[in-house]
Amino acid sequence: MAHSRARRRKRASATQLYQTCKAAGTCPSDIIPKVEHNTIADQILKWGSLGVFFGGLGIGTGSGTGGRTGYIPLQSTPRPDIPSVPTARPPILVDTVAPGDPSIVSLVEESAIINSGAPELVPPSHAGFEITTSESTTPAILDVSVTTHTTSTSVFKNPSFADPSVVQSQPAVEAGGHILISTSSISSHPVEEIPLDTFIVSSSDSNPASSTPIPASGARPRIGLYSKALHQVQVTDPAFLSSPQRLITFDNPAYEGEDVTLHFAHNTIHEPPDDAFMDIIRLHRPAIQSRRGRVRFSRIGQRGSMYTRSGKHIGGRIHFYQDISPISAAAEEIELHPLVATAQDSGLFDIYAEPDPDVTEEPVSLSFSTSTPFQRSSVSATPWGNTTVPLSLPADMFVQPGPDIIFPTASTTTPYSPVTPALPTGPVFISGAAFYLYPTWYFARKRRKRVSLFFADVAA
């Protein structure tokens, strides 16, 4: 036999449980906060409303009042207006005038005058004086005597005081569209001419050409090239002055000039010609300034070490500079030499002139030995008839080793010897290894040389 399951009975509501268990203190833990609106959600709304303003929307745990403005009813019944009824003015009664009544109606009725019993004042018939009036056609003439008063003034002329001359200008006359104004120049007092003088103190002898004041030049803005944000790099390559793009990329024939800002786009990793210009994407225009007594050529470069997805480059700033030349404190005095040579230094010689007796004649010995220096000698003159040729040798000239040249000489055993010509015509014997031929002899055509020998008969 199957057992039937017991029917589940519905639990009482929270309000019913709160009414029975509140006094006994046996209420479950969730009944009292729910009925008294003290749950976690109610506390969040209570404390959150203190710091959050909802603009008067009435959002909260309180009663719905519609905010500050309140609720507006959908349908409003206006109160009926009470109509105003004008009040009637009472009629004015007008008395009628009978035909027999007088035409002048007294405004004050006699019956309205009340006599208080005081005595009535009656004006007297005769006053204290009489006024007599008469009419006459004769005009009244008054006898008025004229009194004359004489005033005398004395004028003394002061020679130390001179009255200013008053010049009256003539009225303007218009003739042919032009206004002509003439002024009289006649004066009764002498005119003193005062020459104008300048009050400008000038250190130079020349006076200024104009009186316009020189505007004060303001302080020039200082270029911040030596701050901590810039890395200082000195460039020694001379190409930095004329064509700095050669230090970063290859030479561009469409280059505009060095006075503009240079931009460089590097799509791939590359190595510049100069390692100091690595990752340079922008090179600003040059600036020339003085730094510690030297002229300095400067440019500011921008590195593109990193770049974001949006394409913006991020990198430091570098100050590239190169010192051109020093600035001298004072002008240097350079001695000028004459351009025209004097008579002593002239290279023209008179071949017919007599030799100078003061000049000592010393024979010059020429030695062609290896590594033999020439000694300094005085100027010597070798007489050949009437011709005098001065010979001047430099000081301490070393002769490089070369070939030894031997000239043939005639025998002196006989009393008679043939005449030897001035130039050697015999064969030349060259002994040595360190010598160089003249360049034209390398490609010269070899020809057979005939050496003419001089013979003489010898008497027995």
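Using N, Cα and C of the backbone, Cβ positions are placed for all residues, glycine too.
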Fill in: Per Swiss-Prot, the range holding motif 'Nuclear localization signal', considering 110-118, 191-199, 443-451
443-451
Worksheet entry | Range annotated as motif 'Nuclear localization signal' in Swiss-Prot, from 1-12, 217-228, 373-384, 385-396 | 1-12
Item to complete: Please list residues from the chain of Cys21 (disulfide bond) whose Cβ is under 8 angstroms from its Cβ, counting only those at least six apart in sequence.
Response: Cys27, Pro28, Ile31
